Amino acid sequence: MYYKFSGITQKLTGSGPAVAYNPQGLRPAVPAEPPAMVFGTPTRVLSEAGPAVDFMGVNKVPDLQRIFQTTDGVPVHLKRGYPDRLLYRTTMALTVGGALYCLVALYFAAQPNRK
Amino acid sequence: MAHQAHPYHMVDPSPWPLTGAVAALLLTSGLAIWFHFNSTILMTLGLVLLLLTMLQWWRDIVREGTFQGHHTPPVQKGLRYGMILFITSEVFFFLGFFWAFYHASLAPTPELGGCWPPTGIIPLNPFEVPLLNTAVLLASGVTVTWAHHSIMEGERKQAIQSLTLTILLGFYFTFLQAMEYYEAPFTIADGVYGSTFFVATGFHGLHVIIGSTFLAVCLLRQIRFHFTSEHHFGFEAAAWYWHFVDVVWLFLYISIYWWGS
């Protein structure tokens, strides 16, 4: 596979061999010599770098992945803890209460209308 | 977690099928109680339960896919087939309304005056607001494609902007349709013209609202970094759905608004 620099996307794209040997669209101000090497810069592991601030907020997905991938036997709908339990219990209470209320309402609706 | 030797997603036990089924029971019984006894308590209860079920079920699917990594390529393939089958079923849903429309309009009965639009019906001018609506939906199809390419190229800012633009165009369409309904010189009770017109365009409008909601969820997920340039099926499903709604509108415009007037 041969590559060329695309002037539209400003990225390398695939091309035929002829185009690769006659490159076009290269920026004129490309330095001819590589920049001097800098030694002694302290290396930081990615996890120590902290959350990367980006357009509109911080990426919390890695933290959430850590929370949701812990092996604790808790099903996915309760994994987040208290807020999940609150929502689940509210929904379950409405389910059971609503079903009973529905049966009562249908029972009374089934009674003949005696006037 | 025990090591699994296959790529499929073994789901956790979930309460949502049960709560969803009870929500359907409450909703249908609630409608009957409303019609017979003019009480909306049971129906409201059913609606609240349905909304709670939808919220938590889809929240769990996001958790399983984005946070737990269960949506492996074979699982994604299943999701794709599921969405394709769902949209196919929606196509046939709308086909029924087009069938009713053409059944009534291609051979208008003597009761209608033997003509279409029926005697006494003043249809909407297709080259006023409906044409603008066509342009708005086509433009939203462009912006949703822009959003898709932005996500694939990792252009976070552009993806957020184009997705916001798509949702705004969706809301603009809904607003224009609401105005058009308000101004229409006929009602749903005006014979087969009114029924076919409002049932077909009304269900389309409902689908636009659902599609806008689907895209809004995608915008929220995009802002929260859920989509990668390689894996963003939630967005793709929303885009497919949006294009489907767009195509249905084109058929509605050509058949009911233009040919039918």
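Glycine residues also receive a Cβ, built from the backbone N, Cα and C atoms like all the rest.
Note: TrEMBL annotation is automatic and uncurated.
Per TrEMBL, domain 'Heme-copper oxidase subunit III family profile' is recorded for B:4-261.
Feature annotation from TrEMBL assigns transmembrane segment to B:16-35 (among others).
Listed as Cβ neighbours of the transmembrane segment (B:41-58) (distance under 8 Å, sequence separation of 6 or more from its ends, same chain) are residues 14, 16, 19-20, 22-31, 33-34, 217. Sequence annotations record features per position, and here TrEMBL assigns transmembrane segment to B:41-58 (among others).
Positions annotated as transmembrane segment by TrEMBL: B:79-102 (among others).
Through the fold, the transmembrane segment (B:129-147) approaches residues 158-159, 162-163, 165-166, 169-170, 172-173, 176-177, 179-180, 215, 235, 239, 242-243, 245-246, 249-250, 253, 257-258 of its own chain, all at least 6 residues removed from its boundaries and within a Cβ separation under 8 Å. Positions annotated as transmembrane segment by TrEMBL: B:129-147 (among others).
What TrEMBL lists as transmembrane segment is B:159-177 (among others).
Marked as transmembrane segment by TrEMBL: B:197-220 (among others).
What TrEMBL records for B:240-260 (among others) is transmembrane segment.
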Residue numbers, six or more beyond the limits of the transmembrane segment (B:197-220), whose CB comes under 8 Å of its CB atoms: 58, 90, 93-94, 97-98, 100-101, 144, 160, 163-164, 166-167, 170-171, 173-174, 177, 181, 186-188, 227, 234-235, 237-238, 241-242, 245, 248-249, 252, 256, 260
Same-chain residues at least 6 beyond the ends of the transmembrane segment (B:159-177) whose Cβ lies under 8 Å from its Cβ atoms: 129, 132-133, 136-137, 139-140, 143-144, 146-147, 150-151, 201, 205, 208-209, 211-212, 215-216, 218-219, 222-223, 227, 242
